[in-house]
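Reading through the structure tokens given below for one structure.
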Amino acid sequence: CHSPGPATLNRLLLSSIHEPLDIVYTKESPDRLISMNCRARANPAPTYRWRRDNWEIKLMELPNEHYSLVGGNLIINNPEEKKHAGTYVCVAKNVYGTVISKEAKVKFGYLEEFPDEERDPVTVKEGQGAVLLCAPPKRWPTEVTFRWIYNEFPVFLHPDKRRFVSQSTGNLYISKVEASDAGNYSCYVFNPQIGKGVYSKFIPLISTEEKKRYKADLVVKFPDTTAMLNYNVTLECFALGNPAPHIVWRKIGATDLPASAQVSMSGALLHLYNVQYEDSAGYECEAINQKWQDWHQAWLYVEAAPEWAVTINNTQKDVGSEHTMSCVANGKPGPYIRWLKDGYSYGKGELKFSSLTFEDSGMYQCIAENYWGIIYASAELRVIACAPTFELNPVKKYLLGANNGRVVIECKPRAAPRPRISLWEFDFNVKILNATRNDEGVYTCLAENDRGKANSTGTLTITEATQITVAPEDTQVMVGEEVHLQCQASFDPSLDITFIWSLDFRVIDFYLEWKHYERIMDREDSGELKIMNVQLRHEGRYTCTAQTVVDNVTASADLKVKGLPAPPGGVRVEEIRDTSVKLVWNRGADHGNPILGYTIQTRDVYALTEVDWRDASTSPTALDGMSVMADVVDLYPWMEYEFRVYATNEFGDGEASIPSMKIKTWDAVPVVAPTNVGGYGGKDGELIITWTPVQPQYFYGKKFGYVVAFKPHDDVDWWYETISDPETRRYVHRDSSFRVKSNDFQVREFQVKVKTFNSKGDGPYSLSTTIYYPRDVPSESPTDVYSRPVSSHEALVWWIPVMDTGTGLQQYIDGYQVKYWRKYDDTEPGANRIFVPASMNQTRLENMLPDSHYLIEVRAYNGAGVGPPSEHCEMFTKRAPPSVAPQMWRYISYSGKWLYVWWHHISYDWFGNESFPLYYKVMFRKTGYITGPIYMTGWHFIDFPMPQVGDYELEVRGRYEGGDGPIRKIRLQGKASFLRPTLSLAAMLLLALCIVGLGI
């Protein structure tokens, strides 16, 4: 064949991994050069040229002190912004065509210094909000990070609920100024792409005493924002006010934020990860405090760079034929499509050729572009012309056909233009229907076009048709039974026959499924199928195919299996409420036995494993065999659930359905209050309030948090603080007025309580609790400290507690600190410490070392600190158990019904470092289970009924004064239920005579 190109396609393609990329160059670069990559796959090797801003760079004609070419890579030495910034493309060319790379921009990065002028101080009253302006210098790229230095470098300010640094403007916002905020602040700007940072002159912040409350005022408001599809975007919102406002985010028109959303910086930032089109919406931030609420709304638009939906491929076409080249790209805004041929503009939209010529051959590039990017697709169009030839696809030399069957003689020469086809001997179509012996003979195919002609010949022979003589019959069996399906066929004796079985159009693999399927080939014309230990999954339509090299014939039969019911289908939720849903399903096959009832199971988002399903409460309570819907009740509000259903018949419970789609119940007002509310007074006016957080399943809605209420015992008005983090378990309030005065005789009392809230409303308060602000640390020490060792690593310690004389004598106790350390080997500062509540006067000491001399000390403590120590209690831990497990043997009785196990006694050395043996523990459990029955014995043998079903493990370990010793384990395979073992001395005597066993 003739074409203007080589014999194969793909002779000139730019490799996407070697196309130039955008570059940001900085003058501080140590290399003082820019390298732009370009490499094409081509044969013969291409030549390379580069263009800058659509002007060709003269690399070959004139020497250049800046530009050089290494392979296809462009090297720019000592770059200068005025000469070398711009848009570059690589052009690769050989004798068969030209392609150009995608555009790559070279820009020069910089970050100017802050001005040298001193910054004016900012004076603000305590409780008011403050804004420190960064006024960052000019830079490129514009994407930088902002931080603030406090008083001296490198002490950086850590943003929190009160303090926020905008990454858009760099400004520092303080919602309410406190006395500790006074100091000097400097704005630090860092450009990660060029690795440079600068900082401003210090801005003094001066605070004056005046505590007032101010309404929430949003000062950082995110604008209308456009984000790229599959990229991340961050929205900023921050408010001034006293108390510090709480920020709440909402998606307008939706009940919840997108699943990929994350709120951080105490609510000031909303991060949307992997943004999708459905995230495009209005977003609202609301700032709330006790004085006021303020809100702001703006729109998020989502757009996308071009992405190919339909692209072009290398194509070979006949000269003179029609051809259409088109490509389709998705994107937002819709991409603009244009074409290049051999590197030059060639049109737009769709390319149509009514009659291809050799001049149309070449390298074509489809380009799709919009505001967000540009993509290229390259392909070769090759126009060919050649005389017919059968070299690659001749007519088959020997052709076979079945009597009364259909015969097709293929004639597929290679030719361009398309040739004229005719048959010698029979001058009609090469498709023969209802073939007979009269159709046998020699067939020759002749192909001819304007460039030449060629022929190819084959001989047709007609054989006897294959027929099914004994077909399989419909059959019904019980689970576990055996069934035979017959299949016999007649066929031409000159041919070989094979029988293929399939179940519901899936071919049975007898090698992999040998446990259930066997093909009986006792006769050449028979392919009987035997199905052993039939299961429900074996039900369906079985098809026998009798096949020769000429033809094939099939026969089918249905196998019905009676057994457990099939899983219901189409499980779906049709109505969603806060604590219930309406569940609907379709009945599954009953497998020959009426369905007695259905059971619904649920799994929520906190399920520990994939199989952690639990039976659900329903209405009606009992679901009969005709049920197809039910209300699932007693669900948690605002919880993600999925459901499944299984049926029951007289054989038992069937397989569960495929789980429904996950749904979330509607939200509701919380009804559970925090527990264990308590606290204590600390130092310097600190009041610490603690509680046990509510479990997530009781949140009942979004935006869950806590309201902490507290007041001095004799006051009427409560103080309130809002906590937006649902995992918070303590709140620290600082107020100088809480400090105990020198003339205070009594301990100060405070009433505290905590309630929950979410977006639907407030939940109940916990019971009020009294906590105390002590005047001083406890003045008395615990007495009569005693201890005793429990094992080589543990001990118990107890004491007579300090008398809590109440508030009158300033002797309030929060709890006790227990310290313990080795007398001669450890130092007291490194001692282990345990804290126990004041209601307890004993505890367990753990992680001790064996056979060691310990000192134990107990002190009382409260929020002001720890009191004086008790007298030291001395004790010795016990010696450690042996490090080696007992040697063990096993023996299975001749009948296979009993298992005998015996082991060596552990010898004891009175002068050694190991503790004294007490007895032995034996556990017999099923493999995969964590626990099982434990038996204790002073003997060194035991016998069990030998299990006949399942795998089991038997473990033996010694119990010593110092604790449990190491485990010796054996594994068993068998088939019987586990019965209680017996200790049989007679069996052991018999076992001693039979020295047959396996040493472990």
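The backbone N, Cα and C atoms fix where each Cβ goes, glycine too.
Just so you know, TrEMBL annotations are computer predictions that nobody has curated.
The following features are taken from TrEMBL:
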type     : residues : note
DOMAIN   : 20-107   : domain 'Ig-like'
DOMAIN   : 115-204  : domain 'Ig-like'
DOMAIN   : 216-289  : domain 'Ig-like'
DOMAIN   : 306-382  : domain 'Ig-like'
DOMAIN   : 388-461  : domain 'Ig-like'
DOMAIN   : 466-560  : domain 'Ig-like'
DOMAIN   : 567-668  : domain 'Fibronectin type-III'
DOMAIN   : 673-776  : domain 'Fibronectin type-III'
DOMAIN   : 781-883  : domain 'Fibronectin type-III'
TRANSMEM : 978-998  : transmembrane segment
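For the domain 'Ig-like' (115-204), the partner stretch with the most Cβ pairs below 8 Å, chosen from 20-107, 306-382, 673-776, 781-883, is 20-107.
Highlighted: of the candidate stretches 20-107, 216-289, 466-560, 781-883, 20-107 has the greatest count of Cβ pairs under 8 Å to the domain 'Ig-like' (306-382).
Of the ranges 20-107, 216-289, 466-560, the one with the most Cβ pairs under 8 Å to the domain 'Fibronectin type-III' (673-776) is 216-289. Mean pLDDT across the domain 'Ig-like' (306-382) comes to 90 in this model. Using DSSP to sort the residues of the domain 'Fibronectin type-III' (781-883) gives these counts of helix, strand and coil: 6 helix, 51 strand, 46 coil. Under DSSP, residues within the domain 'Ig-like' (20-107) fall into helix, strand and coil as 4 helix, 45 strand, 39 coil.
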